[in-house]
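Engineer: Here it is: the structure, laid out below.
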2 protein chains.
Amino acid sequence: MPLGQRAGDKSDSRFSGVEVLDFPAGECLPAVLSHSLSSGFDFLLAPLVDPAYRPTPGAVLPVAASDLVLGPSQWSSHIVGKLSEWIDLDAEDEQLRLDSELTLKQEVAWASHLSLQACVLPTPRRSSCGNYARVVNQILQGLTNMQLWLRLPLEKSEPMDGDHDKVKNSDHMTEMDDSWELWNSFRLLCEHSSQLCVALDISSTLPSMNSLGRWFGEPVRVAILQTNAFLTNARGYPCLSKRHQKLMTGFFNHSVQTGCSQVMKATMKKMDPLPEQERFEINYRDFLQSPLQPLMDNLEAQTYETFEKDIVKYTQYRRAVAKALVDRVPDDSVSTTKTVLMVVGAGRGPLVKASLQAAEETGRKLKVYAVEKNPNAVITLHSLVKLEGWESVVTIISSDMRCWNAPEKADILVSELLGSFGDNELSPECLDGAQRFLKPDGISIPSSYTSFIQPITASKLHNDIKAHKDIAHFETSYVVKLHRIAPLSPPQPVFTFNHPNYTPNASNQRYTKLQFDMPPDMGSCLVHGFAGYFDSVLYKDVHLGIEPSTATPNMFSWFPIFFPLRKPIYVPLGSPIEAHFWRCCAPTKVWYEWAVTTPSQSPIHNSNGRSHWVGL
Amino acid sequence: MPLGQRAGDKSDSRFSGVEVLDFPAGECLPAVLSHSLSSGFDFLLAPLVDPAYRPTPGAVLPVAASDLVLGPSQWSSHIVGKLSEWIDLDAEDEQLRLDSELTLKQEVAWASHLSLQACVLPTPRRSSCGNYARVVNQILQGLTNMQLWLRLPLEKSEPMDGDHDKVKNSDHMTEMDDSWELWNSFRLLCEHSSQLCVALDISSTLPSMNSLGRWFGEPVRVAILQTNAFLTNARGYPCLSKRHQKLMTGFFNHSVQTGCSQVMKATMKKMDPLPEQERFEINYRDFLQSPLQPLMDNLEAQTYETFEKDIVKYTQYRRAVAKALVDRVPDDSVSTTKTVLMVVGAGRGPLVKASLQAAEETGRKLKVYAVEKNPNAVITLHSLVKLEGWESVVTIISSDMRCWNAPEKADILVSELLGSFGDNELSPECLDGAQRFLKPDGISIPSSYTSFIQPITASKLHNDIKAHKDIAHFETSYVVKLHRIAPLSPPQPVFTFNHPNYTPNASNQRYTKLQFDMPPDMGSCLVHGFAGYFDSVLYKDVHLGIEPSTATPNMFSWFPIFFPLRKPIYVPLGSPIEAHFWRCCAPTKVWYEWAVTTPSQSPIHNSNGRSHWVGL
């Protein structure tokens, strides 16, 4: 359940809160809460313990309000605990360190008792915070539901109390001026705990968009607008700069809640409702699915149903077939030439339909073979042909295209065997098999396809995979609607397949080494894995695909693919990422292996397809 | 079973072999082997397949000799296979890559068929060898017993076929000139496979000793002396330079076998036999033991027996007690003063004996209380007192020192509660408890102890821990006789405890952050964990300890301790290592947590003592 209780869509980013700066002792808290709720806010970020308190043997913790002052659901839905800001676990002073440890543990225990959903950890006072991380990590081991949000400035404006000089690493200063570095170091020490999140303080100045963008792949739970982040507009009301508005929209789109640093009724711009397609996809956001095994498994009716609804995709196929028909049959031969078109993997018939539409459009005569290996789909195909009256045009073949003995050769071979990563559903192997019954000058639609990858930050995906506690899940590729991720460098092509392919001894094994460069103003980053896409040339200039820069609009048949890394790789400012992708083939299976070699070496993932493979 | 069959001690480094440079086809191999054995060598490094062969469909692999030419035990004890050197898995030419992959797999399959113990992989031809590593990694997944030794020059003399220019990382060139970098990158890609080892080519020039030293922590299986590594002495015989001799002695001491690059009867200097202590310790080399839990468990007679044999240790105690007695009782008070000395943790009595000897030596009168919690040891103590006629001097107390109600207070408290890491067997907690019955001006022997750590390369220890396939074993500290390790930086002090300790609210929690700098001529390195030691001041200038630079000679009661890292950390040339060690205390247990924050962040190990702790 997200914080706040307003009606709305399923996104938890529509809620906003207010930070209480003073200490609302005793009966004061309900009043502050009630005022804030009536001002349109959803939750309070409030101190839980008197900031003047220091641990004293035998003393009772001076809490802001007894647990009876608010009801249990009020505590849990409307209060985020703010832990004492004097806490300094990496102080030189040993007594202050020990007091800080005791107080932090006591306050978190109190917050747990109140069933709060989250507490905000004070901003680290130093760039080196090993002891702070150790104490937080100990607390995290014992927490069941509550989250801890580490509060960090989006941009570090003031120098931290410094132990900079103790570290000799030359570019350490620059790195540590970037609060993302602090976050990264903290969460690595805490083993990527899924309950450790971020609360970002937004002030008047903002770093570059590339630097900001990294946070979209991190578990940022709230963006806290400081008073100085607001400008005053012509009428004297507070407003946000264009860049701040853009940032807040970005956070909104990545499901981050907002808060203000003091009681000020900020008029948050009303966001547009989600478009139809996104509403459909919202339940799939960052949800990891295993890719289909269409060769080994027969698809279910439900799956056909979903894919057949993708009008955009079949429009592209219709356009491609039409162009191929026109190229193949000159206008003056239309009445004398019949084109043999074979749909391999016809499913329940959408490509047959698209092809016949193309023939009608262009006035070309068609003889269609619809080859399908799933006997259940074949039943539907027969009904369709009968229903549409295509008996004289369409021949249905219930067979695997790789072993069908075709009675004649085809002019055009049409297929839709592509996966999110292009060749990952074994289109190359299937079409190699079908190529036997294509005429030497015949056309394959698609005529080629290329996979793409790009490195991304995706802490949520990493944590979801880590929850399985095994290596196999980190060596599997997933189909996933990417949402809370940060792309780090533009996608690059990986493997290309062309059809038909008459190269002798052609192999479908592939190896590609890629180098990704990061924008120079982005800062360092953490790579959790690679997002994968494809683009396919159906015929000449008709393509379809999901590679972001050229993606076919409004097509929903494919989500991206995600190749995780067993251990996320830190990429220091200025370093490229060198990645290796292999497509390996054995007699009964095909699989990918992948590895990173720069800036540091990952193990080679999925050796021999031990964790994940696609069956032939 | 090590390669070769000579009688000798248990070290496998006494064996040496010869590399066969030409292709010994057919019946030639037995002749070469027999000649080499009679020349005093133990094994041959020989090509298995005709180097002129390239994969041809239907061709039979042109092997050097059929498996019938040598007997099974000859193949396995005397032949190391040399895989074809033309193999180039990272060539630009795709066909060459595919041929290389096929041949490598065929040759290894043939070597497995022959039950060879090892094959030597050809030296990588390029600094970037991702595809080579991928193929080797695939092979390693399926190997049961055979090892693969990656052949590398100790120092790279000639530039490799280069794709240097493709990598932008500024200091990449320098790093890649160091063959250790190539090894490190290769083994990281292959997940530290325990069957992937190193064969080092030694030529005329050698890098610095610090650079060489790193290899002592790596799985180097053979050092191959190239012809140009030999000098010619005054009599015209081949000999080795002083530096080469020192290196070979180092390899010998780290159980690395030797080989020569061609058939040349090198007179290897006869090594001295192992001294007594090392002979005793040889079975413990790199064998990981869990530290004792002397508070929770009672030691066995066997354990007491072993420790009591450590004459050096008790001599130091005798000297310390003697000095304390002389300080405490002036010569003119000798006849009137009786010193109350309590041995806390008396065991079977060695410290009682040492104390009484000290009293006799110095002519001081003693009243001894021997406090021991283990009732079995108390039985032995009673026999000892009777046997030695100490009844009037020694009172035996069967009790835990932490709860004994002493009838009087002690002048001197003597204990030996130290573990390999000083405080790790809870000496601080025990002595805090015993301090109640020490006079305000009383003396504790030991009066202080300090733990030390240093980062080390220890690939064998890493692999042994990894074999457990869990995190807990990587979060445990081990007592271990370190052998195949490379220390990377001198040890530094971690925690110090002083006794007696009258500081109010004194805590036995500790936190220390350490920075280790590496010798500038060492190159980059990989840290598998930290070796730990202790030094203890017994009294004034009498100390005992195992910290290498000040270790008490010929004392064998303590092996070092080892704190592993879950994932080894790569330390680039010039970067320091920043490590954090915590000693944490709860009512019933004490544990360590540790982490590295520079050059990169490890997780915090053993949070809340979840994997390893010492019970109070």
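From the backbone N, Cα and C atoms, a Cβ is placed for every residue, glycine too.
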Engineer: Among B:E361, B:E372, B:E425, find me the residue TrEMBL lists at the same S-adenosyl-L-methionine site as B:Y304, B:K313, B:Y314, B:D400, B:M401.
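Structural biologist: Among the candidates, TrEMBL records only B:E372 at this S-adenosyl-L-methionine site.
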Engineer: Using the alpha carbons only, what distance in Å do you get between B:E425 (active site, proton donor/acceptor) and B:E416 (active site, proton donor/acceptor) once rounded?
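Structural biologist: About 10 Å separate the Cα atoms of these two residues.
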Engineer: How far is it from B:E416 (active site, proton donor/acceptor) to B:F307 (site 'Critical for specifying symmetric addition of methyl groups'), counting Cα to Cα, in Å?
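Structural biologist: So the alpha carbons of B:E416 (active site, proton donor/acceptor) and B:F307 (site 'Critical for specifying symmetric addition of methyl groups') sit roughly 11 Å from each other.
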Engineer: Taking 10 A as the limit, how many CB atoms besides its own sit near the CB of B:E425 (active site, proton donor/acceptor)?
Structural biologist: 22
Engineer: Helix, strand or coil at B:E416 (active site, proton donor/acceptor), per DSSP?
Structural biologist: coil
Engineer: Neighbour count, 10 Å Cβ-Cβ cut-off, for B:E416 (active site, proton donor/acceptor): what number do you get?
Structural biologist: 24
Engineer: What mean pLDDT does the predicted model reach across the domain 'PRMT5 arginine-N-methyltransferase' (B:276-445)?
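Structural biologist: Taking every residue of the domain 'PRMT5 arginine-N-methyltransferase' (B:276-445) together, the mean pLDDT is 93.
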